[in-house]
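S.K.: This is the structure I want to talk about, given as C-alpha cells.
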C-alpha cells in the first residue's frame, strides 16, 4: 500500500532536525496546506512532525513478519486457509520437496484435509506427499507419461502429475515452441479438441 511504501522510505538514522538542502520544504508546506483545507490541520501537523516515531513504530510492527523463514511464512499462509485455494495451489505446486518438508508435511496434510474437499482435496494431498524431486530426467518415461495422459484421462493425469519430479514435468521448450509457432486459429482448434476429448 502507499502508506507502507511511504513509511518504509522514512529513514530512522541521522539528524532530522535540519532537512537536506534539496528538500523543498516551502513547496511541500504549501502543497500540504492546499490539500488539507477544511480538515483538522492541527492533528495532521502533529502527526507529520512526529514522523520519526511513526516510522519506528511501523517498522517495529512489521519486523517479526519480515524475519520469518520462507517455510515459516508458507506455513502461516496455509494455517486456517478456509477458502484461500489460490495460496494453497501456489505453495503446493511451486515448492520443492525439501521446501514442503520444512513446512512440516504432517500439519500441511491436516490443513489441506480440513480446508478442502472432493477431488481437489485428493490432488492437493497427493501433491503434498509427492515423491522426492529427482535431478535425473528420464526422457523415455516423459514420452510414456505423455502417451498415458492422452490415453488414460484424468485419473492417470493426477497420478503422473503428483508422482513425478518437478524437473521431469518441465519440458517447457516444447510447449513454448508450440505456442509460438501456431496461429491463433490453430490454438483455438487445439483448445476445442482438448475440451471435447476431456468430456
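Using the three backbone atoms N, Cα and C, a Cβ is placed for every residue, glycine included.
Here Swiss-Prot flags 1 as N-acetylserine. As annotated by Swiss-Prot, phosphotyrosine applies to 23, 150. What Swiss-Prot records for 25, 135 is phosphoserine. Residues or ranges marked as N6-acetyllysine by Swiss-Prot: 37, 171. The annotation SUMO1 cross-link is assigned in Swiss-Prot to 37. Under the heading SUMO2 cross-link, Swiss-Prot lists 37. Per Swiss-Prot, repeat 'Annexin 1' is recorded for 65-129.
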S.K.: Take every residue in the repeat 'Annexin 1' (65-129), average their pLDDT values, and give the whole-number result.
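M.R.: Taking every residue of the repeat 'Annexin 1' (65-129) together, the mean pLDDT is 77.
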S.K.: How many of the residues that make up the repeat 'Annexin 1' (65-129) does DSSP mark as helix, as strand and as coil?
M.R.: 50 helix, 0 strand, 15 coil
S.K.: As a test of the contact definition, list every same-chain residue at least 6 positions from residue 37 (N6-acetyllysine) whose Cβ is closer than 8 Å to its Cβ.
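M.R.: Spatial neighbours, sequence-distant, of residue 37 (N6-acetyllysine): none.
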